[in-house]
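Here is the structure we will look at, set down as structure tokens.
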Amino acid sequence: MSGALDVLQMKEEDVLKFLAAGTHLGGTNLDFQMEQYIYKRKSDGIYIINLKRTWEKLLLAARAIVAIENPADVSVISSRNTGQRAVLKFAAATGATPIAGRFTPGTFTNQIQAAFREPRLLVVTDPRADHQPLTEASYVNLPTIALCNTDSPLRYVDIAIPCNNKGAHSVGLMWWMLAREVLRMRGTISREHPWEVMPDLYFYRDPEEIEKEEQAAAEKAVTKEEFQGEWTAPAPEFTATQPEVADWSEGVQVPSVPIQQFPTEDWSAQPATEDWSAAPTAQATEWVGATTEWS
């Protein structure tokens with residue numbers, strides 16, 4: 001579909017995005033109508049999708065979407081969680097009408113219900129999961145575009161874009177690529193400059209993981225505020241008068257104190273030691289007498 005125009009050729013950065021998101025990885029089962037989009041089969045049984053065919057069908061789908069005069073007449077549907085955020089982002093960027101979540105049966109065929117719509121083009125994320133809108137589209141002659149895996153049935157699908165429609169990153173990247181090509185063909189954005197919208201905004205995120213990340217960020221912010229509060233507290237003001245600092249380089253006069261002279265004693269001239277044996281004997285005699293009197 002790109003023809004000989006170099007502008008429409010797939011760039012190297014686009015190939016790297018496809019490989020990083022796992023868009024080329026199919027399943028272990030293969031539908032006979034999807035054989036034309038298969039490049040090779042791995043030793044573990046996983047089929048590899050030809051990204052060149054993916055890019056050509058992506059451009060064809062973008063041309064079909066641009067051909068609709070009113071962007072609101074394009075309905076984009078995803079009943080699976082992995083594609084709901086991407087569908088809403090695609091609708092916000094291109095002006096399409098999103099249906100994220102459960103598809104109400106009779107939306108395209110039952111004119112009585114309030115949710116009745118008459119779109120001119122239908123784009124679904126998974127032909128197997130979104131079989132109800134595809135079936136109703138066949139009743140009202142509605143052309144359809146679908147992101148198809150290797151095992152996806154192509155019944156009621158007019159334009160099949162071969163890709164991995166199971167992974168959250170692959171589905172988000174395919175919707176991002178489709179939105180970018182639609183805006184480029186409309187002339188809204190230039191091909192010479194990269195689109196400022198990142199593919200991460202189209203990726204599905206688990207609500208539990210988002211809640212855990214927000215909780216961790218809040219705890220980190222509280223800890224940071226407490227840490228900064230300890231260091232940014234105002235220092236106490238000292239109102240006491242500061243003592244004058246003397247010049248330590250000047251010499252300090254120390255008052256002179258006379259040294260007292262003490263006479264030295266001759267320890268060899270001490271009197272002889274008294275006889276300690278007499279005193280205890282006398283004391284013992286006195287105590288004996290006292291005991292005799294008491295008895």
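Glycine residues also receive a Cβ, built from the backbone N, Cα and C atoms like all the rest.
Per Swiss-Prot, the features are:
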CROSSLNK  Lys89  SUMO2 cross-link
MOD_RES   Ser2  N-acetylserine
MOD_RES   Ser43  phosphoserine
MOD_RES   Lys52  N6-acetyllysine
MOD_RES   Lys89  N6-acetyllysine
MOD_RES   Thr97  phosphothreonine
REGION    54-113  region 'Interaction with PPP1R16B'
REGION    161-180  region 'Laminin-binding'
REGION    205-229  region 'Laminin-binding'
REGION    242-295  region 'Laminin-binding'
REGION    266-295  region 'Disordered'
Model confidence over the region 'Laminin-binding' (161-180), averaged pLDDT:
90
Determine the most Cβ-crowded residue among the recorded positions Lys52, Lys89, using a 10 Å radius around each Cβ and all protein chains in the structure.
Lys89
Among Ser43, Lys89, Thr97, these being the recorded positions, pick the one whose CA is nearest to that of Lys52 (N6-acetyllysine).
Ser43
Give me the count of other Cβ atoms within 10 A of the Cβ belonging to the residue listed as 'phosphoserine'.
5
How many neighbouring Cβ atoms, not counting its own, are there within 10 Å of the Cβ of Thr97 (phosphothreonine)?
15
